[in-house]
């Protein structure tokens, strides 16, 4: 034994310096910081690139900047007050006590989520408090990038018309009064956490909330101009794919980091994530081919996203065959709501959800949560969940109750986001208009930021229709608009 102990490299041993306490697991800490970086890259530059490319040229700068601004604003709000509202000591059954996460004594201590101690009905401890083997600083940053990407996903519903000054107010308010409630309720030790609602990595906290809040805010902000709604081609499909690729690969950190450890569960989660995303992309593409005779690249990206979203609430809890089933459903159900229901239902037609975030995130996220309640495997559940004997419906026992819990948990997130997002939008509108002025809507980036994405006809040269011909922003282009297969909503 002594020889084996001495064979362990000093770098992996505890007490090698004051910076390496006995509770620190260097592997877990390295994976947690790597996962946080991967999730951060999903936003900056991932969604910054995707948003700046998938929209009409005149909105490329504004769309990218909305994402960039949200990321920076969330970081500051998170460490000053919002982290502890999400993962600190309980204030209410759905909310933690606000406070800063900035002091070194807090950040260098072992990570702990104080409200996560789970008790049996008789008061004895069922599952101890979550105390990962790395410092609180790693936990704060990991959870921060999740909060940031939620606001950026929400922004996808509002591209092409929301007043940037109103967005600057919306971000801290929504983070404070909506995101923190979902995060604490489901992850930080709130009432849904203790009831046993499963949200492995954010199907509800991130995707369902951003999708519902996005379409709610889109209602209050109002639509794009008539010209933009009728014709909104991406300005750079190849660059859009680059952003989508960062989003896909970054999901290894998104789902792989949520066991708070570099363990078996994280490996299962990463594999299932890719299985579901690939299946969903293929199903969506084939539906486009079958019904519209052409595969859409935008459709492939939408299918990829719905697969990633759907597997998120159960990534480390389902078997591979279940991940394939979830991929089939995530590639078809949101496709149906976007391509069929959206075009027939007056309510969805009346609300201008620019990138269809309701379909790709709210529908796919709720679908994934319910499917998790059906397919969650008991052994895998025991590796992760605080409630013992948790299982999906197909495994019998209490599995049927789990499906009910998933439906109710999602219902709470939906209701809270509709109400709170509406209140925030109404309050902001009392101070500043939510929608851009008409002249800015007609011109786009140059009017809003004094900057344009591309100098397509010379450096600083003014556009002249007689010299330069029609562009993608010309309301009467000489070429036929793309039609049929999946397009931006």
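Using the three backbone atoms N, Cα and C, a Cβ is placed for every residue, glycine included.
Since the structure is predicted, the reported quantities are computational estimates derived from the model, not experimental observations.
Taken verbatim from TrEMBL:
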DOMAIN    30-454  domain 'Ammonium transporter AmtB-like'
REGION    465-489  region 'Disordered'
TRANSMEM  30-52  transmembrane segment
TRANSMEM  64-83  transmembrane segment
TRANSMEM  139-159  transmembrane segment
TRANSMEM  171-198  transmembrane segment
TRANSMEM  204-222  transmembrane segment
TRANSMEM  234-254  transmembrane segment
TRANSMEM  266-285  transmembrane segment
TRANSMEM  297-315  transmembrane segment
TRANSMEM  321-341  transmembrane segment
TRANSMEM  362-387  transmembrane segment
TRANSMEM  407-432  transmembrane segment
Okay, the transmembrane segment (139-159) and the transmembrane segment (204-222): do they have at least three CB pairs under 8 Å, pairs separated by 6 or more?
yes
Might you confirm whether the transmembrane segment (234-254) is in contact with the transmembrane segment (171-198), defined here as three or more C-beta pairs under 8 A between residues 6 or more apart in sequence?
no
Sort out for me which stretch, of 30-52, 234-254, 266-285, 321-341, has the most Cβ pairs below 8 angstroms to the transmembrane segment (297-315).
266-285
Among the ranges 30-52, 64-83, 234-254, 362-387, 407-432, the one whose Cβ pairs under 8 Å to the transmembrane segment (321-341) are most numerous:
362-387
So if I exclude everything within five residues of the ends of the transmembrane segment (266-285), which remaining residues of that chain have a CB under 8 angstroms from its CBs? That is, six or more out.
31, 200-201, 248, 251-252, 254-259, 295-296, 299-300, 302-304, 306-308, 310-312, 314-316, 318, 320, 323-324, 326-328, 330-332, 335, 380, 486
